[in-house]
Amino acid sequence: MSDDVVISKKNAGYYAADLVKDGMIIGLGTGSTVFYAMERLSVRIKEEGLNIKGVPTSFQTAMRARDYGIPLTTLDDYPKLDLAIDGADQIDPNLCMIKGRGAAQTRERCVAQAAEKFVVVADEGKLCDVLSAVVPVELIPFSFGLVVERLKELSGNPKVREGVKKDGPVITDNGCIEIDCDFGEIKDAKALQMEINNIPGVLSCGLFTEFGEKTVVVVGKTDGVKTL
Ligand SMILES: O=C[C@H](O)[C@H](O)[C@H](O)COP(=O)(O)O
């Protein structure tokens, strides 16, 4: 990651963290950009006495939140969240996006759904005219063969995501398998999302097309941010 990207991610994360108000219950997404937001939140907790609770979308985010002194809670205790802060892999002009590089898209979708406002933090390199990045798909192991077959029929060229320092597939925080699909340029992201998510055994794919109205994208740049 270049220095410019690091600075851009940090600017986006810090800006989003400053949108958080005292008493809020917030969703904490997964990924390097969200971690900058959490870094800033931890400073605000210490310096301002900011009183918040976060619902983490992954084991990694929960661990980081504990390191940062951000109190955690669950969707069972708070099924409605004031705001969720999360990253993205690619964002189009309609604020449709692809997520799930970290295989956390299912919990990220739950938290985004629960939140009144969805604040997406990203660097400029994530913006695109047409979505074309790899689309992650999380599925229960029982349904593996069926899901692969259906994804092939959708011309998704499915590939099992392999673990690092572990042989075989990535097993997600939900005990499921992650598959990456390459659809090339995606003409109708909403329709594709529905088709994939309707395959029996699929938990959730990384296409996020349903949150446009409550989404604010904070695009980090080297000299500040712009919001979409
Ligand atoms: O599963 C991972 C998430 O969808 C991330 O939010 C996304 O991949 C962006 O990550 P990063 O901020 O590290 O680029």
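In case you wondered, yes, glycine gets a Cβ from its N, Cα and C as well.
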TrEMBL annotation, substrate site containing THR30, GLY31, SER32, THR33, ASP86, GLY87, ALA88, ASP89, LYS99, GLY100, ARG101, GLY102 - matching residue among LYS53, LYS117, LYS126: LYS126
Non-site residues, in chain order, whose CB comes within 8 A of the mean position of the CB atoms of THR30, GLY31, SER32, THR33, ASP86, GLY87, ALA88, ASP89, LYS99, GLY100, ARG101, GLY102, LYS126 at substrate: GLY29, VAL34, ALA104, ALA122
Binding-site residues whose CB lies under 6 angstroms from ligand 1, from SER32, LYS99, LYS126: SER32, LYS99
DSSP-derived class (H/G/I helix, E/B strand, else coil) of THR30 (substrate binding site): coil
Other CB atoms, at most 10 A from the CB of ALA88 (substrate binding site): 26
Nearest-integer angstrom distance between the alpha carbons (Cα) of GLU108 (active site, proton acceptor) and SER32 (substrate binding site): 14
